[in-house]
Amino acid sequence: MKHPKAIYYLFLFEMWERFSYFGMRAILTLYMIQQLKLPYDTSFIIYGAFTTFVYMTAIFGGLLADKFFGHKESVKHGAILIITGHILLSFPSIHGVSADIGLYTGLSFLSIGTGFFKPNIPVIFGNLYDKNDIRRDSGFTVFIFGINLGSLLATVSVPIVAQEFGWHYGFGLAAIGMSFGLAIFIYGDKIDVYKSNKSIDINKNNKSPSLIYLISLTVIPALVYIFIKPNNIGYILGIVGCFYITYFLYKVKSDHSMGINDSKNIILISLICIIFFAFFEQSGSSMVMFIENFVDRKMFQFTIPIPSGSFKSLNPLFIFLLAPIFIKLWYFLNKKYENSMLLYVKFSFGLLFIGLGFGVLSLAANSITPDYKISIMWIVICYFFYTLGDLCISPIALSAMTKHAPSKYSGLMIGGFYLNIAFANYISSLIAVNVNTDPIGYSLVYKYILLICIFIFLLLLTSSILFKNKKVNS
């Protein structure tokens, strides 16, 4: 099963970009609470606003790449903006700049840069395969493997650097990682490895990349203001969501290159992703504080506890171990079974697995007392189920979106995929804010998540079986 050479360059580029993102994200909530002394709920809202903007801006980054800049130029200059954001976050310990200014401005640059980067690299990746190539799901699992390898390296190293040397050195390490990724991508472009049979990187309409920076500098002051007053993020997300839905429906009606079945699949995938990632993103908010307050983080004879943010490395560690198995599994299943039915079976098990992860935490929370903290093993088991769910959802959803999206709207459609994650992050922040910070509160909310996931699992699995039987009988 040979893949195009370009996937290895894109693998490394995405790995280092995710190193920078997950590294800073692993310390962001704790930095706001412990260093800036912000209240829990304010920190959770800012964290939710950031993770919402990171994905919400993807809709505009994808649209602008389709229409004006091309996908390769968008990811390149998006990466430069991301590096700038990380450097700004590291400013307070270097130049004595106000921590608040560094935080809000840095998060704004990261949001815009990721908006240009995130929707366009899967387009370049997906463009390496034909629509019905049975290697697609396996190829995107390799892509997700790169994401999680970057996450693993980041969540192990960045929290330790932040703990030992200072928060802002952790942010600086994230900037170095992104710089490595950009250098690899530019080298790959120089030797022309990103060629494909489809001409979706629009050259005839390419505008000067300087416009990317002009657009960014125009928008960033507004983002800074929103981060200072993040309670309005829901209204902004609603407006952007209405814009995308209206534009999507207009294109479905006016442009016949997008079939009805493709449109239905895109809508269903979107709804499933919103639900899954709303629960998945608890790992960066409520779960961090659950681990910080109620888990015995000392291992063996070590007296220094493991940083709470480092537990996020369990997800990419398990992906590192399990992804090779899933790559072969998806290739085998896609050869043997009809893919449209199999798609939602994969999704159903993804939701079941993440629900079981929360069920583990709910059960563990019931044993916490003022004198007793739970073992690290509960968190390990939780993240094992998390990872199984992740492998059933993330690569499959990305692969399916690039398959069902018409080539000329691919950046916009992938931007829409990340807009779903923006909605999910906003919902996730609302869940986190409403979790009571005592063990009973955690147990109750996590039990409800388990029940919701079981219900959707049964619904999707039953629908997939009925759909298969209907096709056989017809």
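Every residue gets a Cβ built from N, Cα and C, even glycine.
Unlike curated records, TrEMBL annotations are generated automatically.
Residues or ranges marked as transmembrane segment by TrEMBL: 7-33 (among others).
Summarising the annotation, TrEMBL assigns transmembrane segment to 45-65 (among others). Only residues 6 or more beyond the boundaries of the transmembrane segment (45-65), in the same chain, are considered here, and those with a CB under 8 A from a CB of the stretch are 21, 25, 28-29, 32, 38, 71, 73-74, 78, 107, 110-112, 114-120, 123, 202, 212, 215, 223, 226-227, 230-231, 233, 236-237, 240, 243-244, 281, 284-285, 410-423, 425-426, 428-430, 432-433.
The transmembrane segment annotation in TrEMBL covers 77-95 (among others).
The transmembrane segment feature in TrEMBL is assigned to 101-117 (among others).
Beyond the ends of the transmembrane segment (138-161), by six or more residues, the same chain brings 1, 3, 7, 10-12, 14-24, 26-27, 122, 125-126, 128-129, 169-170, 173-174, 177, 307-313, 315-317, 319-320, 323, 326-328, 330-331, 390-391, 394-396, 398-399, 402 to within a C-beta distance below 8 angstroms of the stretch. Here TrEMBL flags 138-161 (among others) as transmembrane segment.
Taken from TrEMBL, the feature transmembrane segment applies to 167-188 (among others).
Sequence-remote contacts of a segment are chain residues at least 6 beyond its ends whose Cβ falls under 8 Å from one of its Cβ atoms, and for the transmembrane segment (209-227) they are 46, 49-50, 53, 64, 68-69, 73-74, 76-78, 81, 103-105, 107-109, 111-113, 116, 233, 236. Look at TrEMBL and you will find 209-227 (among others) tagged as transmembrane segment.
Look at TrEMBL and you will find 233-250 (among others) tagged as transmembrane segment.
The transmembrane segment annotation in TrEMBL covers 262-280 (among others).
Here the transmembrane segment (313-331) has long-range neighbours at 1, 22, 134-135, 137-138, 141-142, 144-145, 147-152, 154-156, 283, 379-380, 383-384, 386-388, 390-391, 395-396, meaning same-chain residues at least 6 beyond its ends whose C-beta is under 8 angstroms from one of its own. What TrEMBL records for 313-331 (among others) is transmembrane segment.
Remote same-chain partners of the transmembrane segment (376-400), defined as residues 6 or more beyond its termini with a Cβ less than 8 Å from a stretch Cβ, comprise 122, 126, 136-137, 139-141, 143-144, 147-148, 265, 269, 272-273, 276, 280, 283, 291, 295-297, 299, 306, 311, 314-315, 318-319, 322-323, 326, 330, 343, 346-347, 349-358, 360-361, 364, 414, 417. The feature transmembrane segment is assigned by TrEMBL to 376-400 (among others).
Sequence annotations record features per position, and here TrEMBL assigns transmembrane segment to 412-433 (among others).
Outside the transmembrane segment (7-33) by six or more residues, the chain places 39-40, 42-44, 46-47, 50-51, 54, 75, 79, 82-83, 86, 89, 103, 110, 114, 117, 121, 124-125, 128, 139, 142-143, 145-151, 153-155, 157-159, 162, 167, 170-171, 173-175, 177-178, 180-182, 184-185, 187-188, 193-194, 284-285, 288-289, 292, 307-310, 312, 316 with a CB less than 8 A from a CB of the stretch.
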